[in-house]
Each structure stands twice: as C-alpha cells, then as structure tokens.
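Worksheet for the structure shown next.
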Amino acid sequence: MTDALVLLVVVPIVASLLPVLLGGRFDRLGWYVAAAMGVVHLALSATVAALVIDTGRISYAVGGFEPPFGIELVADGISAPLLVLVSLSTLGVLAYARRAGPHSNAFYSELSLLTAGISGVFATADVFNLYVFLEITGLATYALVACGRSPRAALASLKYLFVGTIGASLYLLGVGYLYITTGTLNMADLAVAIDSVGYTSPAVLASFGLIVTGLLVKVALFPLHTWQPGAYAESPDTVSAYISALVSTAAAYALIRLIFGVYTTGFLDAVPLVTDVLVALASVSIVVGAALAVMQSDLKRMLAYSSVSQFGLIIAAIGIANETALVGAVVHLVGHAVMKGGLFLAVGVFTVAFGVRNVDDFAGLAGRAPVVSAAFAVLAFSMVGIPPAVGFVGKWNIVVGAVEAGRWSVAVVVVVSTLLTLAYFGRVIERMYFTAPATLGDTEGAAVSTDGGDNVTEASVGMRSVVVLAAVGTVVLGFVGSELINVIQPALEAYF
Amino acid sequence: MSSVDRPVRAYVESTIIMTTARIVSPFVFTFGLFVMFHGAESAGGGFQGGAIVASSIIVVAFAFGIEPTRQWLDDSIFRLLIAGGAAAFALIGLGAMALGGAFLEYAVYNISHGVKYGIELVELGIGATVAGVIVSLFMNLAAGLTNDADGGDET
C-alpha cells in the first residue's frame, strides 16, 4: 500500500486539471472537485500515517527505477504527521471557501496544484525533485496571492514572485554544486557521498550556503521575509489561511530534511560556525518579527509578522541541533499551521460579518460574536504558549533543547518572544473583550467585501465552525502532544 | 493599467512577413515535435519542444494579427491542450499502477520498446501542456494591451 505515497501527489494534480478542462461548462465545478480531492487526500495520508506508525519509514521507487538512480518518495515519522496536516488544512480551508470564496474554477485549480506541490515537498527524498515541488508550490502560491481583487494583491504577488524565484534559484544552484561533487541526487545516497567527499570541501560548503539561504527565503526568516507580510495580508482570507499554514511549513520541513538527512550532524560538527549563524539569525528573527507585529495596526499584517517570529523559533531549533529541540520544531510546525490558519480564518469571519480589519475596530467584538471571539482567544493564547494548548508543547521542547545544548541565549530569547507575543495578541483580545465599541451600529452589517470575496455579507456556519474546530484542535493536539512526539521521535533518532 | 494616452498601433499587413511566417512556422512546429520525441534518448523533451511549438503559433499571431489568430484557434483548444497533456502524463502513470507496477513503470505495459514509447508519450503530453500554457499566456497578455476597456486581464 505504499502506492498511497505517490497518489498523494498525483490525485491533487489530476484534480487541478478537471476545472481547467470542464470549467467552461460547469460554473461551480471547482469546489466539488477540490472537496473530493481533499477527502481522497485525507484517506491516502491516513493510510500512509498508519503504515508509518506500524512499520516505520516507508519508501516508494517512482517508475520502478530503484533509488539512488530513480526518484524515491519517503514517508517517516516527521513527514507523515505533516501529510495528514496538509489533508486536514485543505478540507478546513475548503469548508471555509464554500461560502467565502473565491469561487472561480481557476482558484480551485491553483489550490489543488498547491496541495500537490506541498505534498510532494513532504514526500520526496530526492533533492532535484524537491526543487520541482518547491517551484510548483511557489507558482501556485503566486497565482493564489494574485486572486485578491486589489491592485496591492497583484503587487504583493509580483514581489513574492521575484523574491521566491531568487530563493528557488539559489536552492537549485546549491543542488547543482552537490551534483557536480557527488554525482547523485538521492538524499540518503548524498549523505554517504558528502561524507566521503569531506565536509569542509569548498563545493560542499558552497552548496550548503546556497541551499540554506534559498530555503530561508521561502521560510521567510527576518532579513529575507520581505515578500511575506504583503503576500499574507493582501491575499483573500481563504488563501492567507492556507498559505500561512502550509507554504513556509513546507520550506522549513525541507530545511530540516536537508540539514539532518543530507548534510547530517557530522557536517554540523565539522563546521560549527553554521549552527552559530543559524541560531543568531533565528534569534534576531524571533525578536524583530515579534516587535514588528506589535507595531502593526492591520490585523492580517500583524499575524504575518507573527509568523516571521514563530519560524524564527523553528530555525533556532534547527541551529540547536539536538533531538529535543527538533521534536519541538516539528511539533511547532504542526501547531503553528493549525493556530495561524485558524487565526487568519477567524479574522476572515470578522471581516465578512462586521467589516473590521484593523486592531482598533475590534473593540467590543466579543459581545457581538462570542463563539468566534472565544475561538480566536484560544488560538491566540495557544500561540503565546500557554498550556495545555499545542503552542506550549512545541515551545517547551525547543527551550528544553536549548538548555540541554547549553544555548542559554536562545532560552532567554524564547521567553522574551513569549512576552512580545502576549503583547500583540493581548492588545487585540483586550479590545475584543474589555473595550466598549466606540460607534456601535456604524460598522454593523456594513460588510466590506474581502479582497477577492464576492460581497459575502454573512459568515456561514461552515466558516464559523472551521475556526472553532481549529481552536479545539490546538487544545486536543496539546493533550495528545506526547503521542505525536512518540511518532516523530524514532524518525529523528536516525539523525543523531 | 487603465486607459493611458498611448496611440494603439493598428495591425499592418506585410506581405513579406506573412509569407515568411507561412513558410517558416510549419517547419518550426515540426522541429518542436522532433525535439519532444527526442526526450527519451537524447537532449530534448517536452519543455523545450513545447516552447518551440508555442513559438511557431506566436509567429503566426504576429504575422497575421492577434485577433484573427484568436478566432482561428479558440481558447477552448488551449484548455484542452493544457489539461489533456497533463492528464495523459497522469493516466500513463496511473495505468502502470493499475497493471500492478509502480507509478510510471512503463515496463508493465508489456509492449516491445514500451519504455521508450511510454517516455515519448509522456513528453508529448508535457509538450502539449507547455505549448498550451505559453500560447494562452501570450494571448492573455496581448488582450491586456488591446482591449483595455473591457478589462483585458480577465482570465
């Protein structure tokens, strides 16, 4: 049943073709095709996850060409939970999009294509194949961001396209160096080949620098984040939620896979500068991202900068480079996706129902939309890292890992960032719950069309329940955190 | 870009260009197919071949005017090319799985030289998609320039 692994990529690609082919005849076909794809995807990823839990790492040789010569797809304890996450995010976003839109067939084609790209990034075990899937992910995301109606969305998309393409090209250049030096592209095979070439060989060092920089652009770490706030803030809420949940996550996963699966800890020991630089960059990103988030008045932009800060945490865990921190990083990848996706959808519900988007407009919202406000508060507190939600599990493991490795500075930075996170979310929650609305009735019912939305004036039950489900999900994930860690840990043990 | 005061240059017929395009483009088209078919055993493949095929159509569009070309080659043809090409790829891959092999395992089709034909069909499919996407991008961009009034950026 390892066939499920390749179908995870093929099914969304086929689903992205149908609306193109039949879109002229059936107007609303896109949603149904995408929804069917989401259900099948969930069944497939659940199959893969069950196999991984039973038997450990599974591998699939595309075309029957045995690795290292053919393309190999792999699922293990790290990628299996992330693949399930992709399915669930897709279904959640589709449930939201049913009413909120965008409704065009092209949108659902692009969404399916993005699902295919991200599933591919999580599944592949071949560095060039990874580039192809990163590009599919990127291209689909540029198009999705441009779905927004405002000219600013087009500009944000163009900026993302330029920066993203540079990032992907740097990655490809790095892969080129690796291929010239070792003659192989398979990850497991590369790990052996790089060892025999020598970790301090200039070509290996150059490839590492190029690959890591390229992927950090996609992750949106602080000095390389410039594409990200615009892309998250200007795209339709549906798209913001989906890409904030999965796109940077895929790049961060690729980074973990490459640093520990290809370059291995042997490289990190031979070139200790690498981990120091990663930790330093990540620490700056954590603090600056959070500080920038505090300064934003547009809520979507605030959430975007919050992601810069949260991904700083994950990169810091990679720099710490021990098992505990990496467990924290993978848990936080999953947790961040659920929390940030849920938060963007919650903002979308508020925007549709009350036409609010700025932090100041949120005054007294809790009285008007108690359920979604409560869900928003749960998600926000989880992001701060308050137990028992999943945000705590991830951050806690990263801090413990930092202390184990003797990197006290990271532990301090994480604590400071927690306070800053509390500052920017506290500001919003204080307004929602404890500030009387200044001009009640002024904005009530005056639904402002969200960018790309079709003048939806009322948030549907589906839209609200997805937000609530995300909030419940973060708490449940927090409680089953140790089970999740039990799945992730064996796969990470192989790296140390 | 709304109506900027830019004089829209009308399309001017030129016998020399039209004749040249008429003679050259079939050869370019054939060369594109040739490159696609060579994906299996030498330098070539669907991406390069598709780009060459698309260029032969774009040459025709430049020579005979974009609107006449649009009427000659309907938008739905390109939809069919884009989706059909990629679908051919997926179907060949999935067919191998249905016969008990791995995805894209051409050998299970049990045709003599099956691997070679399989790769060539996949390359043709990729070529069709690439050509379709390039020509529709070109047509969309051209529409953006000429019919600004009715929102040429509509896809």
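Yeah, the Cβs are placed from backbone N, Cα and C, and that goes for glycine too.
Heads up, TrEMBL stuff is auto-annotated, nobody curated it.
From a predicted model like this one, the values you see are computed outputs, not experimental measurements.
Now, the feature entries from TrEMBL:
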type: DOMAIN; residues: A:126-421; note: domain 'NADH:quinone oxidoreductase/Mrp antiporter transmembrane'
type: TRANSMEM; residues: A:6-24; note: transmembrane segment
type: TRANSMEM; residues: A:31-53; note: transmembrane segment
type: TRANSMEM; residues: A:106-124; note: transmembrane segment
type: TRANSMEM; residues: A:130-148; note: transmembrane segment
type: TRANSMEM; residues: A:160-180; note: transmembrane segment
type: TRANSMEM; residues: A:200-221; note: transmembrane segment
type: TRANSMEM; residues: A:242-265; note: transmembrane segment
type: TRANSMEM; residues: A:277-295; note: transmembrane segment
type: TRANSMEM; residues: A:302-321; note: transmembrane segment
type: TRANSMEM; residues: A:341-359; note: transmembrane segment
type: TRANSMEM; residues: A:371-393; note: transmembrane segment
type: TRANSMEM; residues: A:405-425; note: transmembrane segment
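Scored on C-beta pairs under 8 angstroms, the neighbour of the transmembrane segment (A:341-359) with the top count among A:242-265, A:277-295, A:405-425 is A:242-265. Taking residue pairs at least 6 apart in sequence, the transmembrane segment (A:277-295) and the transmembrane segment (A:242-265) share fewer than three C-beta contacts under 8 angstroms.
Scored by C-beta pairs under 8 angstroms, the transmembrane segment (A:405-425) has its highest count with A:302-321, from the stretches A:31-53, A:130-148, A:160-180, A:200-221, A:302-321.
The stretch from A:106-124, A:130-148, A:160-180, A:200-221 with the most CB pairs below 8 A to the transmembrane segment (A:6-24) is A:106-124.
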